[in-house]
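Chemist: Per TrEMBL, the features are:
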type: DOMAIN; residues: 62-401; note: domain 'Amidohydrolase-related'
type: BINDING; residues: GLU143, HIS211, HIS232; note: Zn(2+) binding site
type: BINDING; residues: ALA154, ASN235, ALA236, ARG243, HIS272, LEU328, SER329, GLY330; note: substrate binding site
type: ACT_SITE; residues: ASP294; note: active site, proton donor/acceptor
Amino acid sequence: MPSNKSVSDAPIVQFTNCRILRDHRLQREDLWVREGKILNPEKLFFDEKGSADVQLDCRGSIIAPGFIDVQINGAFGVDFSLATNDFKSGIDLVSQKILSHGVTSFCPTLVTSPPSVYHQVLPQINVRNGGAHGAGILGAHLEGPFISREKKGAHPEHCLRTFEAGAFQDLLNTYGSLDGVRIVTLAPEMKRSSEVIQELTKRGVCVSLGHSVANLSQAEEAVQHGATFITHLFNAMLPFHHRDPGIVGLLTSDKIPTGRRVFYGMISDGIHTNPAALRIAHRAHPKGLVLVTDAIAGMGLAPGRHTLGQQVVEIDGLNTYIAGTKTLSGSVATMDTCVRHFREATGCSVETALEAASLHPAQLLGIEHNKGTLNYDSDADFLMLNDNLYVQATYIAGQEVWRQDTSGM
């Protein structure tokens, strides 16, 4: 047999008997992996005269890119908005446990907090690759404190801030640093927000619009200055109105700069958004939909009292409220649950449901050349799923990092 060692000594793994999500459709072909990357088999055969060192029978499974969660506040008793002495062990725990939900990369999210919390927590959120230790960290998502009082939702009012004369410097002083920050959610109707959006965009930070009473023209202006995302569409913003649809109107706006796409997050947990609203958004702008969990510390735990930053929240079934109120405060749904609910609620294809949790968030963050697809030379972060979209195994850089216990299937 011809040697495949001329280019690399690393073993080549061939995944057979599977359907791969590639080019927006499930295709019956094998997946080839070497050194953590997806291989082009034609180059392997014809240029290297190589072959597989290991063959793995996938038994008809779907192979899809790993899920990317760009809004997760915590889980399994860990709250990313709490400055604790063992913050690192907490983030490690979450990154390990969400592998079973198919999440291979995520953005730890902090809700509105005092500056002291940002100063203590943000230096401990380090961008890193995923692996056996857990899902990769893409950078922090800072949701607030520059948001609307009227649409604060579960964010503590006493910590909210406005932009003062030196707007961007005020933001820097509040957060302490933008190192490792990937997304900032703010309300675009705030005075001086335009200069802040421009400065953040210049530094490669994704600006998201949310917790806002912005009208459509204010939202369009924010997009023209660089904003590219909407935080949990329909939640914590003005409801759609036919004379001024507000931020929701961005989905069909004709004022979006040429070549720019506006993405929008949706919490597809069956609680935050009615299935009809999910269908409306998806049909209006299918290529912009990004599934997020908005999960809180109580995800994966029994109902009862938990925290969301400075607030106490109560979990009642799948509902999470600020204690003593009926104000929704995050979710306890897992990403794979959101994918299945989205598919069921919209009647979309399997491919569409999977891409809303993989390709679209990767495109939002500008990392689609490495993650969110199974294209040749991209990172070998992928899932094996059954036809009902239950995760059977999770792989990062071509290595199995989680597998469903067959006795529990």
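Heads up, the Cβ atoms here are built off N, Cα and C, so glycines get one too.
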Chemist: Using all protein chains in view, find how many other C-beta atoms are within 10 Å of the C-beta of LEU328 (substrate binding site).
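Modeler: Summing over all protein chains shown, LEU328 (substrate binding site) has 20 other Cβ atoms within 10 Å.
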Chemist: If you measure from the CA of the residue listed as 'active site, proton donor/acceptor' out to 10 Å, which binding-site residues from the list GLU143, LEU328, SER329, GLY330 are inside that radius?
Modeler: SER329, GLY330
Chemist: Report the largest Cα to Cα distance, in Å and rounded to a whole number, among the residues ALA154, ASN235, ALA236, ARG243, HIS272, LEU328, SER329, GLY330 that the record lists as binding substrate.
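Modeler: Output for substrate binders ALA154, ASN235, ALA236, ARG243, HIS272, LEU328, SER329, GLY330: max Cα distance 30 Å.
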Chemist: Would you mind reading off the Cα separation of HIS272 (substrate binding site) from HIS211 (Zn(2+) binding site), to the nearest angstrom?
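Modeler: That separation, Cα to Cα, works out to 14 Å.
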Chemist: In Å, rounded, how far does the Cα of ALA154 (substrate binding site) sit from the Cα of HIS232 (Zn(2+) binding site)?
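Modeler: Checking the Cα atoms of ALA154 (substrate binding site) and HIS232 (Zn(2+) binding site) gives a distance of 13 Å.
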Chemist: Could you state the whole-number distance in Å separating the C-alpha atoms of ARG243 (substrate binding site) and HIS232 (Zn(2+) binding site)?
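Modeler: Their Cα atoms are separated by 22 Å.
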Chemist: Between the binding-site residues HIS211, HIS232, ARG243, HIS272, where is the Cβ count within 10 Å the lowest?
Modeler: ARG243
Chemist: How long is the line from the C-alpha of GLY330 (substrate binding site) to the C-alpha of HIS211 (Zn(2+) binding site), rounded to the nearest angstrom?
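Modeler: GLY330 (substrate binding site) and HIS211 (Zn(2+) binding site) have their Cα atoms 13 Å apart.
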Chemist: Do me a favour and check the Cα-Cα span between LEU328 (substrate binding site) and HIS211 (Zn(2+) binding site); whole Å is fine.
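Modeler: LEU328 (substrate binding site) and HIS211 (Zn(2+) binding site) have their Cα atoms 13 Å apart.
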